[in-house]
Amino acid sequence: MGTVSSRRSWWPLPLLLLLLLGPAGARAQEDEDGDYEELVLALRSEEDGLAEAPEHGTTATFHRCAKDPWRLPGTYVVVLKEETHLSQSERTARRLQAQAARRGYLTKILHVFHGLLPGFLVKMSGDLLELALKLPHVDYIEEDSSVFAQSIPWNLERITPPRYRADEYQPPDGGSLVEVYLLDTSIQSDHREIEGRVMVTDFENVPEEDGTRFHRQASKCDSHGTHLAGVVSGRDAGVAKGASMRSLRVLNCQGKGTVSGTLIGLEFIRKSQLVQPVGPLVVLLPLAGGYSRVLNAACQRLARAGVVLVTAAGNFRDDACLYSPASAPEVITVGATNAQDQPVTLGTLGTNFGRCVDLFAPGEDIIGASSDCSTCFVSQSGTSQAAAHVAGIAAMMLSAEPELTLAELRQRLIHFSAKDVINEAWFPEDQRVLTPNLVAALPPSTHGAGWQLFCRTVWSAHSGPTRMATAVARCAPDEELLSCSSFSRSGKRRGEHMEAQGGKLVCRAHNAFGGEGVYAIARCCLLPQANCSVHTAPPAEAGMGTRVHCHQQGHVLTGCSSHWEVEDLGTHKPPVLRPRGQPNQCVGHREASIHASCCHAPGLECKVKEHGIPAPQEQVTVACEEGWTLTGCSALPGTSHVLGAYGIDNTCVVRSRDVSTTGRTSEEALAAVAICCRSRHLVQASQELQ
């Protein structure tokens, strides 16, 4: 896909002024953009009033889309440092214009951001990037790029719990207290499915269509937006039939928009929220572009303001982490499945996958409102449709419990999903362990879920292959990191540990010499009023295993991890299991440092479960019983034969290398260690409600 066709050529300023002096040139410029001549004169008049920015070097960086066909060179988002005020943003923009004019270049400020993030959108020559990066307050600059719509009645039955399944879809809550913002094409608001439920705002920021010099009217191309509005809240085919919606037009008739247009749309939502605070807000982003630091940052700001953002994973049959806003950690990212709960295939492409996907939802042959007429319906497919389902489910959950935080909502979506129903063989082999096997579903009840201890598994990005490379996994701000583990496909790793970073604990994993890289795996939980700490025991004396326990009164063990400096711990037979009667203890190899995660919270109780098997098995699992939640997952022994340990739902999985490549003997054993916790106070509260 090419760049937007309206991009202008850039002329040196003296030549441009000569052209403006001539009658023909003046008329042409006036037709093209009437305010350019006034801008040139204004810049010349204030040129002497603005001093040059100091050029003592800069820490500002430049970013652009990795997908070359999606780039829009000539338009740039200049992001300023977080504490920059609006007046400083405006002065920085004027300074850029004045200094560019001194060098013979014309620039145009298209938008000044404030309220969501500080910065401005500028149209200028790429020759000015070095100058712009040295301006005061600049944090980074990102070249604009394109984003695209992600669309190419079984679906309502699929997301409904069995106890509610009947001849009609009748969810326990319609989402009437929630407002959903849709950033898409426009919407045919008089369609009988959504009439009276959707307000079409006056917001519009779309690029010209490829091969044209004009915008078609929104009413001529509102199929995608109309369909998604119907999926979210349609009278007959909608998920949250009581939710109200507002639409912002950020995609043109070809389903194409820009990162900058999406940013301005998100800023519009934030300003609306500040001017007229309402109840819970859900923002549906059924679009995808290349990875964008600035778009992810804007999503983060809006999420931290209390807005729930749901986005399409993308339809490129690729790692969702390569796309935005799908890669933003604060966004709920949704992949697409079909009626058989299998990943959606769209020609040679299909749903995206990987660690940045939170869950999947129905996204193939979804019946919804059509813009062809006010009573027409049409079938569409894609991760846009899947995201619309989750936006509807989120609206119903928030309507039932308006005080839910983003972290609480995400944990509930994961907890109540259908598990282990997707055929993982569809995904690339290296993505199978990273991709969640979850299909969205409504909870059996939208009330009473608060008594459960919710946890999820968060994978880091893959580290580099160098010996000292590390990977870091982080929990959301409202979550507690209760345990840390690591995984390497080659088995060449040096373990993991928890450390404080920016006032929060993070999980750091270490690659080993000759390794191909490592993943850090965090177990992130909702644990109100928790007080957690990490206790470490250094490598033990020869002939002894290393042990560490929770020594603070009232603290219980929630996770164990180990880290070693040697390249190969060798074998350890049999695995060192903890002595009976000492549950609050982590044990490990004598040459490793052992770390115990210890937490105190009202009514928190935990227990350890172990399951060991002899070689040659390459995987061992152990699960927590119903009513208990997996908080920790680790392996014994922690040797280089073990690929790593990770949690899937409530099960601890430990994998080892192929026996034929390790030289292991049948005398050696492999054990999975699960730590299972629950809150007695929450359980008692639930029993009282019943």
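Every residue, even glycine, has its Cβ placed from backbone N, Cα and C.
Disulfide connectivity taken from Swiss-Prot links Cys676 to one of Cys606, Cys624, Cys633, namely Cys624. Cross-referencing Cys507, Cys598, Cys599 with Swiss-Prot gives Cys598 as the cysteine bonded to Cys550, criterion being a recorded disulfide. Of the cysteines listed (Cys484, Cys524, Cys525), Swiss-Prot assigns Cys484 as the disulfide partner of Cys507. If you go by Swiss-Prot, Cys633 shares a disulfide bond with Cys652, out of Cys606, Cys652. Of the cysteines listed (Cys299, Cys356), Swiss-Prot assigns Cys356 as the disulfide partner of Cys321.
Cys356 (disulfide bond) sits 22 Å from Asp184 (active site, charge relay system), taking the CA atoms of both as reference points.
Under the three-state DSSP scheme, Cys532 (disulfide bond) falls in the strand class. The DSSP secondary structure for Ser384 (active site, charge relay system) is helix. A Cα-Cα distance of 7 Å separates Cys633 (disulfide bond) from Cys560 (disulfide bond).
Considering only the disulfide-bonded residues Cys455, Cys475, the Cβ with the fewest other Cβ atoms within 10 Å is that of Cys475. When the neighbouring Cβ atoms lying within 10 Å are counted for each of the disulfide-bonded residues (Cys356, Cys484), the highest count belongs to Cys484.
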